[in-house]
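Here's the structure we're looking at; comments come further down.
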Amino acid sequence: MQQSLKIEIFVIVTFIAIYVRGGNEPLIDILNNFDRTNVSELCSDHLEILQNAIENDEIWAYKVRDVSGKKSFGFAWGNNFWLGGERACLQLNNPPAIYLKPSETRHMMKNAASIKSGIPLAYRMFYIAHSSRIQFDINLFNQSMIHIGLCFPKVCTDLDADEFGNKIIVPVTVNDRDIYGRISYEKSRTLNVRENFLNDTFVKIMIYTILTFGILVTLGTFYTALTRNMKEVNGFILNNISNLSNNENIITKNLDLTSKLKHTTIKTKKLVADRFWFCFSLQKNYKFIMSPNLGKDSLPVIHGMRTIGIFWIIIGHIYYYAIASIDNLQLAFSYAESLTLQPIFAAAISVDSFYTISGLLLAYGFCEKQKKRPSRNLVVDVLKGVFYRYIRIAPCFMILMLFAVSMSMCLNDTSQFLTVENIEVNCKNHWWRNLFFIQNLYPLSEMCLSWSWYVSTDFQLFIISSIILAISARNFKLSVILTLIIAVTCSIYSGHIGLQQSFGFSLDNQYRSIDELYTKPYTRAAQYLAGTWTGFYLSKINRQWGIRKIYINLGWALSIVTLLSLVFVQIYKETNFVVSFMFPAVGRIFWSLAICFMVVAGSTEYSDGFIAKILSSKLLLPFSRMSFSAYLFNPLVVMFLALSCEVPFHLDFYSMPIYILGFYFITYFAAFLFMLLFENPIIMFVRAYTK
């Protein structure tokens with residue numbers, strides 16, 4: 001009881017100290033303590049004008065003070081954001097006209113909404129590093145950085161701001177070492193897009209790419225509409241010809257005309273123009289995305305798994321890529337200790353579903369093709385397959401990189417928050433790694449688009465599995481031996497790395513082991529190969545399993561229990577041999593095997609089960625087709641929305657569903673546009689010219 005009382009007293013005293021020691025308003029501290037001799041003359045003059053206006057209770061000066069950042073609550077819980085109002089500050093330079101009903105009696109002064117500042121203003125950020133012992137610290141990213149946003153005289157230079165940061169904010173405003181620990185001024189900046197933004201090479205290429213595809217899509221759409229109208233006219237003529245007089249001569253002539261028209265229509269379909277422009281048609285690409293139809297060789301259950309998997313990954317991305325602006329990290333991390341919310345924080349394991357599905361589809365397609373037309377030169381087929389895969393993915397991937405770099409440049413210039421990763425720097429230095437799909441072989445801190453590791457790992461495993469499948473067509477035993485060697489070696493090595501890294505399920509532990517146990521191909525090889533041989537098996541049995549229904553039901557139950565166990569076991573945060581070795585070595589393999597069973601059971605004569613019907617629902621098809629674009633775009637959507645706000649991102653139990661659904665729908669809207677304008681035209685073009 002006494003110990004609890006002491007803790008409560010300490011917390012109360014701490015919070016009182018935060019607001020009593022030093023100034024609560026950094027702007028006032030600067031105005032009261034700046035040395036005129038150490039700053040530029042013009043900056044000094046404007047600061048004095050602002051100070052005098054505040055002392056004289058002028059409205060515009062009060063508004064400047066009001067929209068400048070002040071010490072905020074929740075510092076001990078991770079709130080490092082002393083932010084003001086950027087847009088309100090800038091509006092004081094040129095207040096917009098607001099029209100109200102003139103006859104109404106109002107309490108405000110007549111010009112309260114239209115008053116203009118006495119000096120030009122800019123919104124300036126100051127960043128102060130601290131090492132507080134009382135704040136929740138995960139030792140990741142930039143969370144130990146106080147963000148101070150002030151409405152400030154525009155004429156003050158970066159050198160002036162550095163003077164204020166070092167000589168006033170650090171020793172006066174943030175002056176309590178017991179609370180803030182070691183303090184150091186880092187930097188200051190105004191939130192303006194750089195002047196040469198449009199002259200940047202990446203931005204130029206992005207603009208040219210958008211214009212090029214915009215023109216192609218516009219022309220393709222008009223061409224498709226015109227072609228359709230011509231076909232309708234031809235059909236109308238043909239129908240009228242058949243209804244003409246029964247005169248033999250007339251009928252003979254009309255039959256000749258009919259034959260010529262039919263020949264012309266067939267010839268038109270074969271024209272290169274049709275093939276080219278149809279690739280960029282909005283009508284055709286929209287129908288492809290939204291169509292409820294599937295090919296006869298498709299596996300409908302996979303589409304439901306993709307849709308659920310992407311939704312799950314989006315939830316995980318919200319926590320990771322918005323972390324730079326979260327003001328209650330301790331509370332957010334406490335959710336990871338909750339059993340009911342464990343699925344949210346175990347989203348990373350769902351990535352293995354996609355590797356399993358990818359390998360399964362590769363093998364199933366290969367075997368079905370071999371049935372219809374056995375290949376005479378498997379080496380050539382493998383090379384063609386790899387080339388096709390590359391040109392199917394690479395253009396979309398690089399276009400997204402252009403969007404990401406341009407967005408990163410804007411956020412670096414205009415966001416109050418420090419980003420989790422500097423996309424601009426990493427992509428400009430290492431873009432070529434993405435072009436060759438090798439970025440996952442480098443540390444995450446150097447990676448251009450950190451989430452793109454999946455694309456590279458998938459491509460690398462695609463090549464390995466293609467080679468194994470080619471070998472299986474000539475020497476089945478050798479392909480099995482190679483598979484076992486690769487799977488066992490990679491699993492044991494992953495377990496070995498897990499022991500070295502002391503792998504555990506705590507969020508910071510998982511992040512620190514991400515380079516060795518998450519992004520490398522050897523951690524995913526067994527799952528991909530499990531999917532590969534499942535696809536091989538599914539094709540060989542012609543999707544007819546012939547197993548008693550009771551065993552199928554038992555398999556479904558066992559698979560679901562396995563998946564749930566691998567999710568909820570992550571509530572255990574301690575580190576030991578079982579967690580550090582067994583989970584990296586075989587945990588994900590069990591997840592993959594459960595997914596394999598569900599795909600086979602849902603794709604054979606047992607596809608009438610309750611879960612299989614849900615996963616095979618045609619309502620999920622459009623979301624599944626957009627899954628690749630959604631995966632690529634989701635982190636950009638999260639970063640843009642979270643880091644563009646004027647206020648920090650506050651997570652709590654009740655707001656989380658709203659955030660999740662909001663990010664989900666915005667992500668898919670962006671994915672739909674990207675697929676409609678870029679991804680699908682590229683897919684159609686590749687199909688049209690590589691068959």
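Placed from the backbone N, Cα and C atoms, the Cβ positions cover glycine too.
Note that TrEMBL annotation is computational and uncurated.
Sequence annotations record features per position, and here TrEMBL assigns domain 'Nose resistant-to-fluoxetine protein N-terminal' to 40-180.
Residues or ranges marked as transmembrane segment in TrEMBL: 205-226 (among others). Counting only same-chain residues 6+ beyond the ends of the transmembrane segment (205-226), those with a CB under 8 A from a CB of the stretch are 198, 273, 276-284, 399, 402-403, 405-406, 677-678, 681.
The transmembrane segment annotation in TrEMBL covers 304-324 (among others). Sequence-distant contacts of the transmembrane segment (304-324) (same chain, six or more residues past either end, CB-CB distance under 8 Å): 140-143, 332, 343-345, 347-348, 350-351, 353-354, 357, 417-420, 451, 595, 598-599, 614-617, 620, 623-624, 627, 630-631, 634-635, 638-639, 642-643, 649, 659-660, 663-664, 667.
Residues or ranges marked as transmembrane segment in TrEMBL: 344-366 (among others). Residues of the same chain lying 6 or more positions beyond the ends of the transmembrane segment (344-366) and with a Cβ under 8 Å from any Cβ of it are 297, 299, 302, 305-306, 308-309, 312-313, 315-316, 319, 335-336, 454, 457-458, 461-462, 465-466, 469, 507, 510, 518, 524, 527-536, 538-539, 566-568, 570, 587-588, 591-592, 595-596, 599, 656.
If you look up TrEMBL, you'll see 387-409 (among others) marked as transmembrane segment.
Long-range contacts of the transmembrane segment (451-471) within the same chain, counting only residues at least 6 positions beyond its ends with a Cβ under 8 Å from a Cβ of the stretch, are 317, 351, 354-355, 358-359, 362-363, 366-367, 378-379, 381-382, 385-386, 389-390, 393, 397, 434, 437-441, 444, 478-479, 482-483, 486, 518-521, 524-525, 528-529, 532, 536, 631-632, 634-635. Annotated transmembrane segment per TrEMBL: 451-471 (among others), in sequence order.
Residues or ranges marked as transmembrane segment in TrEMBL: 478-499 (among others). Residues 464, 468-469, 471-472, 513, 516-517, 522-523, 525-526, 529-530, 532-533, 577, 580-586, 589 of the same chain lie 6 or more positions beyond the ends of the transmembrane segment (478-499) yet place their CB under 8 Å from a CB of it.
The transmembrane segment annotation in TrEMBL covers 550-572 (among others). Sequence-remote contacts of a segment are chain residues at least 6 beyond its ends whose Cβ falls under 8 Å from one of its Cβ atoms, and for the transmembrane segment (550-572) they are 337, 339, 342-343, 345-346, 349, 505, 579, 587, 590-591, 593-595, 597-598, 601, 606, 609, 611.
With a cut-off of 8 Å between Cβ atoms, the residues of this chain six or more beyond the transmembrane segment (578-602) that come close are 299-302, 305, 349, 352-353, 355-357, 360, 487, 491-492, 494-499, 501-505, 517, 523-524, 526-527, 530-531, 534, 537-538, 545, 552, 555-556, 558-560, 562-563, 566, 572, 609, 611-612, 615-616. The transmembrane segment annotation in TrEMBL covers 578-602 (among others).
If one looks beyond the transmembrane segment (623-644) by at least 6 residues along the same chain, the residues whose Cβ comes under 8 Å of a Cβ in the stretch are 288-289, 302-304, 306-307, 309-310, 313-314, 317-318, 320-322, 324-325, 396-397, 400, 403-404, 407, 411, 414-417, 419-420, 449-452, 454-455, 663, 666-668, 670-672, 674-675, 679. The annotation transmembrane segment is assigned in TrEMBL to 623-644 (among others).
Look at TrEMBL and you will find 656-678 (among others) tagged as transmembrane segment.
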The domain 'Nose resistant-to-fluoxetine protein N-terminal' (40-180): DSSP-derived helix, strand, coil residue counts: 52 helix, 20 strand, 69 coil
Average pLDDT across the domain 'Nose resistant-to-fluoxetine protein N-terminal' (40-180), rounded to a whole number: 87
